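Some notes on the structure that comes next.
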Amino acid sequence: GMIVLTLSVSLAGLKPPPCKDINIQDCRKASTLQLGAFFAALYTLAVGTGGTKPNILTIAADQFDDFEPKEKAHKFSFFNWWMFSIFFGTLLGNTALVYIQDDVGWALGYGLPTLGLAISIVIFLAGTPFYRHKKPTGSPFTRMAKVIVATIRKWNVPLPTDPRELYELDLEAYAQKGKYMIGSTQNLRFFNKAAVKTGSTNPWMLCSVTQVEETKQMLAMIPILVAMFVPSTMLAQINTLFVKQGTTLDRAIGSSFKIPPASLTGFVTLSMLVCVVLYDRYFVRITRRWTKNPRGITLLQRMGIGLVIHIIIMVIASFTERYRLSVAKDHGIVEKGQQVPLTIFILLPQFVLMGTADAFLEVAKIEFFYDQAPESMKSLGTSYSMTTLGVGNFLSSFLLSTVSDKTKRHGHKGWILNNLNVSHLDYYYAFFAILNVLNFVFFLVVAKFYVYKTEVSDSMEVLTEELKVMRLRASAQEATVAG
């Protein structure tokens, strides 16, 4: 994908001819081949990202042994430093690469990350023999589908009062295969019907308790997943409307240098990097003394703090935009769409706070969906987190086009126009603030009813003890028979 993208801005046949006309409409448009190559590269990158990001994060987190106390403690910090490394790369992309693309050329601007990606692949392959690899356990979708189908087919079968009567594999089977047994819970109790014994051993009619609990754990996270769509929509504003605002403001520093509007996103990254370090080194240590939680606060509490910050961001963005519009009106440049005599740095609060929100929400979101997924479905759990970003971008486009269309009706100019000086982004941001408040209320409700899964290390300790008891009983029975 990166190779094709680099070629599409380098080769004369794959890029439109240069145009210096003041009126962009008079420039020669890209041909079908040129558009095809460009979009093929973008969609290839999207597919590649969907395949790599959830799995790279999963295999990285899998390198920590949950049964080794020191490694388990390090794992709590891992997600903070994982996001730190991701955003450090983002910082380079939003500063150095943006500068190269604007002032040197797109070929070099895309060529450098292509080279960096090639080096990353070599490093990854070189380390492959040294990684801890988990054995594949089959498609998680198939395992979940079997539980759902079995539940539906046995919807009228009564549940036994004793959960020990439900179907489960022998303890020895879990011990020998290195799998993790999960005890029956009352959460989403209806799905326990899939484990009720009715005489059939068909896997689409009878599932083990562990398989049922795995499915229940993945389904229980879906309301939290839905609650993450709105904050992911807010993230999409960073590279769209926030940057568009920056193009209308004074970007000069000194007499010769002008800040590229896209570089403002670097402040999001810087804020996030600083907050992650402060959170991991100080916030966790301080709160741990009161909560006795190794993470300081729970994952859902951390996500909740991030959601509150998102509300604050959109309120600040709305008032900032209202101030920008008032200055444009005072200087008589509303209809002309000229630059507003305000420094671009008035947008800093919303960019900096967005990085702060990321340090709480985005890190906790990734850790939550990985941590709460069953051991055999970690990649699927991580993909939940990535899914929220994709849905957020689509939702952002949908809301933008819908609001733009609806507010133009009945003779109104509309909230979102090409000329931001006659637009009403302040109303749009206020709408987002209300949307975030409603989403926060929804999050509080689903978080209240969410039940955290048992730690794997704890489950394995119980399994080990049960196996010891069973073996002692078997030995005692043999001794009695022999006597």
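Here the Cβ of each residue, glycine as well, is placed from N, Cα and C on the backbone.
Remember, TrEMBL labels are computer predictions, not curated facts.
Among the features that TrEMBL reports, transmembrane segment is placed at 79-100, 106-126, 218-239, 259-279, 299-320, 340-361, 382-400, 427-451.
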The transmembrane segment (259-279) touching the transmembrane segment (340-361) per 3+ Cβ pairs under 8 Å rule: yes
Spatial neighbours of the transmembrane segment (299-320) far in sequence, C-beta under 8 Å, 6+ residues away: 224, 228, 230-231, 234, 242, 346-347, 349-350, 353-354, 356-365, 367-368, 371-372, 426-427, 429-430, 432-433, 436-437, 439-440, 443-444, 447, 450
Paired segments the transmembrane segment (106-126) and the transmembrane segment (382-400) in contact, 3+ CB pairs under 8 A: no
Same-chain residues at least 6 beyond the ends of the transmembrane segment (427-451) whose Cβ lies under 8 Å from its Cβ atoms: 185, 187, 220, 223-224, 226-227, 229-231, 233-234, 237, 241, 300, 303-304, 307-308, 310-311, 314-315, 317-318, 321, 403, 407, 415-416
For the transmembrane segment (382-400), sequence-distant contacts whose Cβ falls under 8 Å of one of its Cβ atoms, 6 or more beyond its ends: 50, 53-55, 57-58, 221, 225, 228-237, 240-241, 365-366, 368-370, 373, 416
